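> According to TrEMBL, the protein has these features:
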- 430-442: compositional bias 'Low complexity' (COMPBIAS)
- 564-614: domain 'Cationic amino acid transporter C-terminal' (DOMAIN)
- 422-442: region 'Disordered' (REGION)
- 644-671: region 'Disordered' (REGION)
- 39-58: transmembrane segment (TRANSMEM)
- 70-90: transmembrane segment (TRANSMEM)
- 171-190: transmembrane segment (TRANSMEM)
- 197-217: transmembrane segment (TRANSMEM)
- 237-255: transmembrane segment (TRANSMEM)
- 267-296: transmembrane segment (TRANSMEM)
- 316-338: transmembrane segment (TRANSMEM)
- 366-385: transmembrane segment (TRANSMEM)
- 391-414: transmembrane segment (TRANSMEM)
- 534-554: transmembrane segment (TRANSMEM)
- 566-585: transmembrane segment (TRANSMEM)
- 591-612: transmembrane segment (TRANSMEM)
Amino acid sequence: MATCGRGCVPAVRFCQRLNRLKTLDDDLMVTSMKRCLTMVDLALLGVGGMVGSGLYVLTGTVAKDTAGPAVVLSFLIAGIASLMAALCYAEFGARVPRTGSAYMFTYVSCGEIWAFLIGWNVVLEYMIGGAAVARAWSGYLDSMFNHTIQNYTENHIMKWNVPYIAHYPDLLAAGILVVATIFITFGVRVSSWLNHIFSAISLVVILFILVFGFVLADPVNWSQKEGGFAPFGVNGVMAGTATCFYAFVGFDVIAASSEEAKNPQRAIPMATAISLGMAATAYILVSTVLTLMVPWHSLDPNSALSDAFFRRGYSWAGYIVAVGSICAMNTVLLSNLFSLPRIVYAMAEDGLFFSFFAKVNPVTKVPVNAILVFGLLMAVMALIFDLEALVQFLSIGTLLAYTFVAASVIVLRFQPEKEKTSSKANFTMSPNSNPEPSPEVSESQIIAQDSGELKEYESFSDKLQLVEMQKTRKRSAPGALKARWEPYLGRLLGDFEPGEVVAFSVLAVMVSSVSLCAVFVFGSNQLQLPTWSFALLIVVFGSTFLLCLVIIYAHEPHVNTKTFQVPLVPFIPGASILMNVFLMLKLSPMTWIRFTIWVAAGLLVYFGYGIWHSKEGLRELQPKDMAARYVVLPSGSLVETVQSVQPNGQRDASTLHTTSSPSAEEQQAKR
């Protein structure tokens with residue numbers, strides 16, 4: 001056993017290195033960036049990140065192919081599901097106002113390697129998302145001019161015939177990304193004002209669509225004559241919900257901007273709620289107008305809104321819609337270019353990525369190196385990759401980030417308070433002697449009460465009182481079992497340290513979520529399970545999932561009234577985890593292959609560079625101050641003093657608290 005224990009020590013230490021948590025500064029408002037964003041700025045950033053090409057393209061696609069007019073319900077359910085994830089981001093953004101979004105939140109609560117992998121995947125998602133939007137922007141503009149740009153490029157510049165590569169280099173998409181990257185480097189105020197302009201135009205166009213669209217609305221298009229309101233049934237509504245969920249991806253730009261917010265504790269939650277509410281309202285109303293203007297089965301999936309106005313005889317309105325769609329795509333482009341460099345900067349600032357990207361321009365107060373490098377990489381991707389090849393690789397990283405952020409909210413909510421003081425060694429010392437351990441201190445305990453007074457516990461009853469007081473404090477600490485649950489779960493869970501049961505329960509929630517969703521997605525078709533085994537597995541994994549949430553709820557949470565907190569924890573984050581896992585398992589096998597390859601590349605970067613340059617790792621290697629406790633005897637009374645001792649054993653004479661002690665004869669006389 002001893003040999004096995006010694007052999008396991010390196011493995012245990014290695015696991016501890018991988019799961020070490022980020023240490024936050026005492027003052028989270030101190031930053032090298034410029035805190036200048038207001039709640040309105042953040043809300044418009046969120047709206048710009050969500051209301052983009054999806055409003056003009058996704059509504060028509062889902063309505064025609066998946067849900068029919070019931071796309072309205074799909075957007076409503078997807079908005080509620082997105083709200084659960086957005087609340088988790090809002091709590092973290094207000095509590096930890098640091099750039100990095102999901103990466104930072106995971107680093108604070110789950111561990112280093114998980115945070116790196118989350119950040120690594122989110123970086124790729126932003127790159128692919130920005131390139132896809134630029135490609136869609138180019139294609140939409142080109143279609144307005146009868147594909148003149150595409151024809152000229154294929155005939156006079158270059159044409160390819162390679163799988164997953166575009167048929168021609170999209171110079172327009174690459175060019176718009178280069179121009180946008182240059183504007184982003186000018187600073188956060190320039191980026192914010194550009195977003196304001198494009199968002200304002202987009203919102204005006206949306207209002208025009210709603211007003212003019214309701215004038216042209218015909219209720220017959222929802223009647224049984226045209227197939228009814230829900231021609232694809234409940235399955236169509238839920239399938240549409242899974243697609244519509246991705247329309248709300250983009251609110252995390254608000255959390256990514258928290259280090260540049262003036263008042264993040266208030267602005268982050270408010271901006272998240274406002275932007276998500278505006279986006280959901282826009283999607284629901286526009287999809288209502290669209291399916292009332294023309295029959296749902298006659299929609300053009302590529303340009304549904306503009307085509308609807310063309311078909312009703314208002315071609316000029318179609319051009320207004322086209323302008324609005326281009327402005328909306330510009331806001332999404334700016335959102336991606338704004339968020340991606342800040343996540344890269346956060347990883348580099350923590351030492352997990354190359355330090356070249358951690359440099360902030362002293363004038364503009366933005367990470368210029370990260371903006372330029374990744375903006376150009378995004379332009380290269382838009383230049384050579386096809387839009388369909390880009391889109392099929394989207395979403396898995398974002399859904400994984402949502403899952404870990406929801407789990408992190410639960411872990412952090414029930415995490416016990418960490419001691420900020422360094423470890424102390426107890427010594428008894430007379431003025432002229434060296435510090436030596438003394439067993440006598442245990443017989444005369446000297447502790448500081450909440451009132452700040454010193455009290456000596458010498459009698460057996462006093463010691464029992466001290467033990468009971470310590471047990472009471474332990475029971476009421478965050479992560480400990482609630483008192484009203486003691487009669488039911490006390491024997492089973494009462495002996496664990498605060499936070500341990502919650503940590504294991506969160507892990508069980510993740511495992512049971514994956515198992516439950518895997519049975520739902522693959523049980524009937526791929527696995528071909530019999531009905532009885534399918535039902536049994538659903539009951540077992542579903543019961544395990546709910547039981548773990550109840551066990552977590554039975555523990556004491558942190559009560560924080562200073563910043564926003566997600567209500568109904570752990571049930572809302574648990575539902576968010578379940579939804580995200582379900583959507584991840586619905587993705588194509590090709591997406592999972594891309595994810596596996598990218599994660600493998602990320603592990604090479606982490607173990608080749610990040611783990612060796614991690615600032616948390618370097619902080620562990622630094623010599624720690626030792627605090628020694630002395631009991632001196634001035635005037636015959638016991639007094640506790642604390643003194644810092646250097647690692648080499650030398651003491652600073654200027655800080656040494658010395659008091660002359662009575663001689664042994666004087667003490668004997670007093671006795």
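Placement of Cβ uses the backbone N, Cα and C atoms for every residue, glycine included.
TrEMBL labels come from automatic prediction, so no person has curated them.
Computed from a predicted structure; not experimentally measured.
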> Quick one: find which recorded stretch in 39-58, 171-190, 197-217, 267-296, 566-585 has the most Cβ pairs under 8 Å with the transmembrane segment (70-90).
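Ranked by Cβ pairs under 8 Å, first place goes to 267-296.
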> Same chain, outside the transmembrane segment (316-338) by at least 6, Cβ under 8 Å from its Cβ: which residues?
45, 47-49, 51-53, 55-56, 126, 129-130, 133-134, 136-137, 140-141, 144, 176-177, 180-181, 184, 191, 194-195, 198-199, 201-202, 204-206, 208-209, 212, 250, 253, 256-257, 303, 305-307, 309-310, 371, 375, 378
> Same chain only, please: residues at least 6 beyond the ends of the transmembrane segment (366-385) with a C-beta under 8 Å from a C-beta of the stretch. Say none if there are none.
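Same-chain contacts beyond the ends: 33, 123, 127-128, 130-132, 134-135, 138, 164-166, 169-171, 173-175, 177-178, 180-181, 184-185, 187-188, 336-337, 340-342, 344-345, 348, 356-360.
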> If you average the pLDDT over the domain 'Cationic amino acid transporter C-terminal' (564-614), what number do you get?
91
> Using a threshold of three or more Cβ pairs below 8 Å, and leaving out pairs closer than 6 in sequence, do the transmembrane segment (237-255) and the transmembrane segment (391-414) count as in contact?
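Checked: the transmembrane segment (391-414) vs the transmembrane segment (237-255), in contact.
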> Work out, from DSSP, the number of helix, strand and coil residues along the domain 'Cationic amino acid transporter C-terminal' (564-614).
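Taking each residue of the domain 'Cationic amino acid transporter C-terminal' (564-614) in turn, the totals are 40 helix, 0 strand, 11 coil.
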